[in-house]
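**Q** Below are the features I grabbed from TrEMBL:
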- 103-120: transmembrane segment (TRANSMEM)
- 126-151: transmembrane segment (TRANSMEM)
- 172-195: transmembrane segment (TRANSMEM)
- 201-222: transmembrane segment (TRANSMEM)
- 229-250: transmembrane segment (TRANSMEM)
- 262-284: transmembrane segment (TRANSMEM)
- 310-330: transmembrane segment (TRANSMEM)
- 366-385: transmembrane segment (TRANSMEM)
Amino acid sequence: MNFAGSTHIHLSAVLDLRDSSIRVQVPTYKSYNLVGNFYTKRIQHRARGILETSTVFQKSNTKFLVNATSGHPLESEPKAYPNTPWNSAKNALDAFYRFSRPHTVIGTALSIISVSLLAVEKLSDISPLFFIGVLEAVVAALFMNIYIVGLNQLSDVEIDKVNKPYLPLASGEYSTLTGIMIVTSFSIMSFWLGWVVGSWPLFWALFVSFVLGTAYSINLPLLRWKRFALVAAMCILAVRAVIVQLAFYLHIQTHVFSRPAVISKPLIFATAFMSFFSVVIALFKDIPDIEGDKIFGIKSYTVRLGQEKVFWTCISLLEMAYGVSILVGATSPYTWSKVITVLGHSVLASILWIRAKSIDLKSKAAITSCYMLIWKLFYAEYFLIPLIR
């Protein structure tokens, strides 16, 4: 039946039933159009709703996958909650927390406290003067730490969009201007505090860290040393293994306690062990970032040699360092030091080996999780270092 020819056709059927006739009127085509349009609009409205729901789900699912793959804890979308002062403050603190790279902040604080304890010779050294000296060093170093990690993010926005999309600059939560203001403010506060304290070991530790951190990240001619694997590793080793151990020890020994500088066995051990650890951190941090580094021409050892080879090189270096630590602990003349350091390093070495054997090197989340385990082992070592005698 074709309805295309007329808009006012009336159809009727006359049915003769015995002596009666009944007329049945069928609705006009115009009536069918009204009903059809009504249901068509309802179907279109529902289809739009399904499409919008699907789009939201896809965006949400994409966010979940990005965070899961990055190994970073899941984060809520911006403006996911009502824009109250309390939620705004929480979002601001969360963004700054991620910007400051908390695992490096914790490592810096623990290392300074641990190395400062190496200068303690007797119980009376644990005094308010000692705590003030440690606090001055920790705060100034943390300010400089935030400058260094912040500058690295400013220089790596495009790379971080691939490797670490949860960072505030990469995600768009911070503008470039905001990042510049933060790193500038913290570098100024760090130098100001170092100058006010009047400790030359502390000031030079901040200055050398500033120079190496800037040369490592900033994209200027002859700089951006992170492009070169060996130079990048040397920068991290110089700061984490040498500057932190020697400069902050001398800050407490010479400035706080006003004693002559003495290079002790624990200090030599701490410097040597952390040299191994710093090399491992420098190599391992690039393993989960291989995708972005390849795209942007960062010639890390992971890009050159492959993830598996660099991974097992790092594990081997740390296991060797733990082996030497066990031997050093075993030579201690003090039974308590011998037991704690030998047992402690044996446990840490076992944890690392068991975890390494179970890692799926094809999973970025698994590699990132193992990298954070190495930072935890780094923290644990600073609890053992003061016990080396």
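Glycine residues also receive a Cβ, built from the backbone N, Cα and C atoms like all the rest.
Where the annotation comes from TrEMBL, it is an automatic prediction and has not been curated.
Distances, neighbours, how buried they are, the whole picture for these features please.
**A** Below 8 angstroms of C-beta separation, residues 126, 130, 133-134, 137-138, 141-142, 145-146, 149, 240, 244-245, 248-249, 251-253, 256-257, 259, 264, 266-267, 270, 274, 372, 375, 378-379, 382-383, 385-386 of the same chain, each at least six residues beyond the ends of the transmembrane segment (103-120), sit close to that stretch.
Beyond the transmembrane segment (172-195), the same-chain residues lying 6 or more positions past its ends with a Cβ under 8 Å from any Cβ of the stretch are 78, 91, 95-96, 99, 136, 139-141, 143-144, 146-147, 150-151, 153-154, 157, 202-203, 206-207, 210.
Packing against the transmembrane segment (310-330) from elsewhere in the chain are residues 269, 272-273, 276-277, 279-280, 283-284, 286-287, 301-302, 337-338, 340-342, 344-346, 348-349, 352-353, 356, 359, 361, 367, 374, 377, 384, 388: each is 6 or more residues past its ends and has a CB under 8 Å from a CB in it.
Within its own chain, the transmembrane segment (366-385) is flanked in space by residues 70-72, 103, 106-107, 110-111, 113-115, 118, 266, 269-270, 273-274, 277, 280-281, 284-285, 287-288, 307, 311, 314, 318, 325, 340-341, 344-345, 348, 351-352, 355-356, 359-360, which lie at least six positions past its ends and keep a Cβ under 8 Å from the stretch.
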